[in-house]
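Chemist: Pasting the feature list from Swiss-Prot:
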DOMAIN    12-482  domain 'UvrD-like helicase ATP-binding'
BINDING   Ala33, Ala34, Ala35, Gly36, Ser37, Gly38, Lys39, Thr40  ATP binding site
DOMAIN    509-800  domain 'UvrD-like helicase C-terminal'
Amino acid sequence: MGLNIPPKPESSLWTDDQWKAIQAEGNNVLVAAAAGSGKTAVLVTRIIEKLINESANLNVDELLIVTFTNASAAEMKFRIGKGLEEALAQNPDSTHLKRQVALLNYASISTLHSFCLEIIRKYYFDADIDPNFRLIEPIESSMIRDEVLENLLEQEYSIENNEPFFHLVESFTGDRSDAELHALISKLYDFSRANPDPNIWLEEMVDFYNTEETTSITELPYFPIIKEDIELRVNQAKNYLLNAIDYANENNGPVPYLATLENDLAQIEAITELSWNSWGQLKKAIESIDFKRIPTLKNKSDYDEEYVEEAKKFRDAAKKEIKNIATDWFSREEINYLSDLEKMKPDIKTLSRLVKKFAENFFEEKQQRGVLDFNDLEHLALKILLKDNEASEVAKNYQKQFKEVLIDEYQDTNMVQETILRLVTNSGEEQGNLFMVGDVKQSIYRFRLAEPTLFMTKYQTYQQDGNGSGIRIDLSQNFRSRKEVLDATNFIFHQLMDKHIAEIDYDAAAELTLGASFPETTDMATELLLIDMKSVESETEDELSPQELQKNQVESRAIAMKIKEMIDNKFPIFDKKMKQNRPIQYRDIVILARAMTSAPDMEEAMKVQDIPFYANNNSGYFETTEVATMIALMKVIDNPYQDIPLAAVLRSPIIGLNEEELGQVRMAKKNGYFYDALLTYKDTTVSETADKMSDFIQQLNNWRELSIRENLTSLIWQIYQETNFYEFVGGLPGGKQRQANLRALYDRANQYEKTSFRGLFRFVRFVERLEVRGDDLGTAKTLGEKEDVVRMMTIHASKGLEFPVVIVSGLSRKFNMRDIYSKTLLDKDYGFASNYRDIEKMIVYPTIMQQAMKQKKSREMIAEEMRVLYVALTRAEEKLILTATVPDFEKTSKNWLQVAKEKETILPASTRAKAKCYLDWIGNATIRHPNFKELLCEEMIQTLPTDMKLQIEIKTKEMFLTNELEKTETVNWLENIKEHQPIPVKSPYKDEIQRYMNYEYQNEEATEIRAKQSVTELKRQFSLQDSWSDTTLLKEFQKVSLDRPKFLQQNKLSATEIGTAMHTLMQAVSLEHQPTKEDLEQLLQTMREKDILTEAQLKAINIKQVLGFFESQLGKTMLQKKDLVKREVPFSYLLPVSELYEKVDIDERVLIQGVVDSMIEEEETITLIDYKTDKIEGRYSNWEAAEKIMKERYHIQIKLYAKAIQAISGKKVDAAYLYFFDGQHICQINTKEGF
């Protein structure tokens, strides 16, 4: 089927390709619309043209128009409405047009989620759900999710002989926490939901571990990924050797190296000629490569030293590349790689079962609460539209209703959304009615599981002439930007993007062509500002030499100075409304960054230059003093027995105690909770402070009663009113911002109360969970985006926007590789991959599947980051400025020079694939610009033909230090007075203050070591270096055991609380005779009556386990030597820091504190005994397996105990034992080994 396009009117302002996109029909249409090509205008015009054509007999409610955001949908509806009204004004008698205007409010113009919601509300009975459901926010959904997942794991632990589950726990989690398994199930659930049938994907995930019948790695479905990676690295090694040979062949080059280098090259080239059918043959070839010793140069003065070093450097790089290939792919035998996968299959099967069960339980829980979340919408709509793998009657009705389905931003569609769209459009592409608009070069939402390959598949199969399965139209003309911006973008991306690395070729169809008209000016060259962080030695010894500034600070100062310069010089900007140039304003400038980590530094730099600044930053809210104070107060209202929040409130302006007064309160009761000390102080002391404490306790009790009677927002507002805290913070510096933050807390509490969760306790837990996860809410904004300010935002946030001047900052910031180096990897094609953990041998190593998936994820990440950079560069209308810091410009430019002699336009694949930051790409691309060649005076650079205007500035960091900034400041006092501006006053103390402010402590690592630490904390820190300990249990994430409020005491005790109870009993048991069951029951009853133990703790104690200790040989020894036994022995011991932390070289000591459960102290020796409540039975296959892990877990703690006790007592610790109550096992620890 060819194109059936009516001729374009001569008066039309549309380009030929735009006209095609507006008029094409009769088949599916894919419009590949480059940045700034007017795709929204084309889409709107296509819709309006169809609607005003009465002969087409099309109503607006017969169109489905899908956009990416609600804002886009609203704008689309507004534009269509405006177009219809204009048409109606020209033809006021048209009944058809009047009907379209009337139907517009009922038209399906929305996001796909909104369309799915419409389907569900209309056909809820087909999805078997309650029609009165409420749509919840992600925060509420995550809280329900956590509860359901915790309950699921609790159920699994309670099942007897649940060996598959326990094996999974051992394989994928730490030994004391299920946090990793919790996160893994949640991660798998989210990922599976991007597939039309999550259960099928989870089942296929298991199938990838079926390797019983696989005889070679070359048969694995992901072998092409492995092959591609090895080929890429072999070619890189080959290129390194070719560079080395080039240096050896130079005049005065190390010619004696040539024979060795050529031999190396021949060995590597032999690999490329091998058959890929035999893994063993490939392994043998890689391992047999022998890099002979390079010959010694006899007369070194005859050779250019630089050429010699460069030849050696490149040869070493080639050797390293081959070594890495052998390590990554051939470190184990082929049969072992395959057997690893087969051994993991039971765990993967169990994991798949858990994810399915969780999905089922999660949905059931939401159903019981009468709620749905956003993830449910697409799958429930799919359930309604798809029956028995075919379009349902509902779907067929939609196919009849919608004459055309139009989708914007198609490149960001996922597989579920694609399936939904396919079900509501005509089946069969040759009579398709799907109109898709997008730009795969701007597909930057893979982290949201968008699938750009959907776009690419159609782009490659659809034809421009309309023949075949669909019509493809390229819109490459850019109506947004000046030629200078387009030339820069084209110059860079012609060298970066191809199908191999970026998943798309940047060819003639993809490059940007000029479509906009701007007045001529000479200031619009693209600027590359590089700041050399290598220090420049001062010319005089007494010159001010501030400490090293962070990269972000220096770059932020450079950007602030650049903006100030542009404003002061009235940089010309073309005003499209005025149709003429005008001086630049702050609102014309935007700073783009990959992430907002540098926003605080940028804000500080802007303040110094008096530049109004707005950063759309979603962090820092909980760290603000006023919010942290309110959160602490709410924690105290919920449970006053929390020392740190209570001390924070007492010290805050709400109460206003000073350090001395806090000390007086503590002295009233030195031990126990601070709240008890507060009560004692109030009742026993006569003072102004005691009166203040009495008033506070009365007020606290009133708030506690209010928290039970009233809702959360009432409590917060009452606190604001009674304490005048809201008014107080308003009087502080930044008062407007602080008050906005407190209002935001009230608003967020109000939003929380609208969820299915209620109460202060749950709200406090909710906030704690947000803080632990890092899900900060961002400080409240008092400055709007539309004001005359310089804005800073992420590149993702800028997508779809345009700005006169764009500064792309932080180009040397490393890519985020966290997902690639994660323990577990997920992939739409190959499912799940992770390390293999041999529980018996306690060994962990990567699987072949994990290595392959890591390479695939790395390639996808590189392609995505390339597209993110494309989005950043194409936001600029007139001026593009690129900024970065480099550690040493001379060395960095030398690295770029290695590809500068390449004659091909596209940079080598390995250079692009191995990039660590945007500057790696931009530097390697721009160094082939004539201006860079002129700057470096390097004849070897092969410049590329280009119209790109490039201005390169290399600055030193010293130029942005404070004393240098002063030299650039020229303040005209009279002008300031005329403009009623303040006059800067120079202080004689400025330099001294600057010296203090820029002071940097030399022993940075020592700041992470507290002067006093408990043995338990040290055990956790050392366990981080041990892969068999739980790496997630850092102290800040550990649950703290606090006395529970009475209304919570009926709940199940935590493991820590049970452990405390058991230790308390062991301390109290009489050693005068062999204890009996009756003895212990009587003792427990006495401890309960004296409130030493709670009722819940009493019930949790297992008397049989305690008796088991005293019936053991160790227990009998303790009874026999009862007069030598000491229990609950506290100690403090100064230990040299260097003995604990090898990397910290300071002559300091750290105070170690701990408590020994029991010890038998004889004349010359001591025996240590420590009690443990770890779960053993049912969790480990046998005691031998458990004993290995327990020894790993506790050896640091016991060795520290032994070292301290030996030093204090002067006696040798000759034996140390652990007694595990669960199973009544005894484990001896060797105290002679080092840490």
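Cβ from N, Cα, C; glycine included.
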Chemist: Over all shown protein chains, what is the count of other CB atoms within 10 A of the CB belonging to Ala35 (ATP binding site)?
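Modeler: Excluding its own Cβ, Ala35 (ATP binding site) sees 24 Cβ atoms within 10 Å.
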Chemist: Which of Ser37, Thr40 (the binding-site residues) has the most other Cβ atoms within 10 Å?
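Modeler: Answer returned by the neighbour count: Ser37.
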Chemist: Compute the centroid of the Cβ atoms of Ala33, Ala34, Ala35, Gly36, Ser37, Gly38, Lys39, Thr40, then list the same-chain residues not in that set whose Cβ lies within 8 Å of it, in sequence order, for the ATP site.
Modeler: Val42, Asp439, Leu475, Asn478, Phe479, Arg480
Chemist: Let me know the model's mean pLDDT on the domain 'UvrD-like helicase ATP-binding' (12-482).
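Modeler: It averages 92.
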Chemist: Could you find out if DSSP has Lys39 (ATP binding site) as helix, strand or coil?
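Modeler: Its secondary structure by DSSP: helix.
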Chemist: Which residues does Ala34 (ATP binding site) neighbour through Cβ under 8 Å, counting only same-chain ones at least six apart?
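Modeler: Ala34 (ATP binding site) has long-range Cβ partners Asp439, Lys441, Asp474, Leu475, Ser476, Gln477, Asn478, Ala510, Leu512.
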Chemist: Sort out the sequence-distant neighbours of Ala33 (ATP binding site) for me: same chain, 6+ apart, CB within less than 8 Å of its CB, listed by position.
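Modeler: Correct list: Ala21, Lys39, Val42, Val437, Gly438, Asp439, Leu475.
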Chemist: Inside 10 Å of the Cβ of Lys39 (ATP binding site), count up the other Cβ atoms and send me the figure.
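Modeler: 21, counting other Cβ atoms within 10 Å of Lys39 (ATP binding site).
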Chemist: Around Gly38 (ATP binding site), how many other CB atoms lie within 10 A of its CB?
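Modeler: A count of 21.
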Chemist: Under a three-state reduction of DSSP output, how is Ala34 (ATP binding site) classified: helix, strand, or coil?
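Modeler: Note: Ala34 (ATP binding site) is coil by DSSP, not helix or strand.
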